[in-house]
Amino acid sequence: MLDSKLLRAELDETAAKLARRGFPLDVETIRELEEKRKSLQMKTEELQALRNSRSKSIGQAKAKGDHEEAERILAEVGNLGAELDQAKVTLAELQSELETITMSIPNLPDAEVPDGKDEDDNVEVSRWGQPKTYDFEVKDHVDLGEMSGGLDFASAVKISGSRFIVMKGKFARLHRAIAQFMLDLHTDEHGYTEMYVPYLVNHDSLYGTGQLPKFGEDLFHTSPLTEQVSDVPLKTLSLIPTAEVPVTNMVRDTITDEAELPLKMTAHTPCFRSEAGSYGRDTRGLIRMHQFDKVELVQITKPEDSMAALEELTGHAEKVLQLLELPYRKVILCTGDMGFGSAKTYDLEVWVPAQETYREISSCSNMWDFQARRMQARFRRKGEKKPELVHTLNGSGLAVGRTMVAILENNQEADGRIAIPTVLQPYMGGVTHIG
């Protein structure tokens with residue numbers, strides 16, 4: 001969440017920055033509530049001071065033997081206490097109302113982020129590789145997988161429903177090989193520590209990384225929700241939409257020594273998403289699933305290091321695509337297409353031949369201190385007493401299913417067989433083709 005000081009001292013400037021990403025900040029309501037809060041805060045402090053002062057007078061009156069005066073002051077103190085209690089209740093209600101508003105406010109965009117309304121306004125930064133040309137009719141990954149029986153959508157529908165997949169044989173092994181290759185690359189060459197984390201997380205974890213309270217409907221929960229979808233019961237466990245949630249929450253409510261930063265962590269997990277807002281989109285194939293695997297990259301840094309860390313983390317995701325020899329492009333998301341908690345995001349989009357377009361395969365984001373403030377994730381500089389908020393970053397390195405789509409379609413041959421990328425062959429027992 002944003003620093004509350006911005007909503008007090010720099011309200012108009014903050015509203016202008018949020019307007020860049022199409023978020024209409026209700027300045028007048030916030031200003032009115034803040035004025036009431038300040039007035040009530042002063043009243044509460046004055047009542048507290050007066051009650052303390054009058055309480056001392058009770059003892060003084062008793063010392064003088066004036067019990068009648070002592071009783072009168074005692075009654076006065078009782079009335080002051082009741083008035084103070086009511087003022088505290090009202091103040092807490094005002095603070096809660098302000099906090100509710102604050103929770104709904106997205107992060108401020110970095111100055112380098114281009115203005116725009118949606119994905120059409122994202123700006124291409126670079127391209128790598130050249131899409132192949134084929135002298136035969138290109139098949140999509142669904143046809144390629146079903147030809148050999150390696151992808152079984154029908155069984156998945158029977159078992160679970162739409163947007164699920166059953167993989168068999170060499171296709172299942174390829175899926176596993178992709179994830180293992182990514183983990184080995186990130187741990188052995190990029191310096192990340194591999195993590196094994198829970199796939200079910202609590203309310204505080206989802207709040208910390210920003211999925212709650214705003215995006216409760218996008219999650220799968222282990223117990224029924226209340227009538228309002230965003231009001232997830234505090235004891236509910238939810239399936240992770242991304243390993244970003246459990247991995248980033250490793251630093252929740254902790255103070256890290258400066259010397260330990262940056263923290264670089266990676267995890268391979270399944271991810272679960274309801275795709276509530278995606279009805280009718282990408283209904284064919286592996287592009288948009290309720291359950292999919294992903295290798296996640298997370299970095300925890302000092303504030304002054306986070307922008308350089310974003311470039312590094314994005315480069316680590318790019319390296320996967322380069323070693324797999326998959327053509328891709330890198331784009332910077334515009335203000336209207338950024339995620340709720342992001343200050344700056346790069347998307348990597350891989351070439352998908354059957355669609356003749358680039359599709360997102362990784363999003364790499366710098367959250368600044370937006371998540372850290374929610375999580376109270378801090379660090380302490382050497383020689384300093386007061387801790388500071390860390391900056392958090394995350395990115396896909398990569399989405400395993402979409403990587404498999406790209407390999408199947410880009411590496412297809414005329415007979416429907418798939419050439420296995422050289423770097424994956426050791427993970428496939430030396431197999432060079434499947435299908």
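Backbone N, Cα and C define each Cβ position, glycine as well.
Among Ser104, Ser126, Ser396, only Ser396 appears in Swiss-Prot as part of the L-serine site alongside Thr242, Ala243, Glu244, Glu296. Excluding the listed site residues Thr242, Ala243, Glu244, Glu296, Ser396, the same chain places Val245, Val247, Ala267, Thr269, Cys271, Lys294, Val295, Leu297, Val298, Asn394, Gly395 with Cβ atoms within 8 Å of the centre of the L-serine site Cβ atoms.
Spatial neighbours are here defined as Cα atoms within 10 angstroms of one another, and by that definition the neighbours of Arg273 (ATP binding site) among the binding-site residues Thr242, Ala243, Glu244, Glu296, Ser396 are Thr242. Among the binding-site residues Thr242, Ala243, Glu244, Ser396, the ones whose Cα sits within 10 Å of the Cα of Ser363 (ATP binding site) are Ser396.
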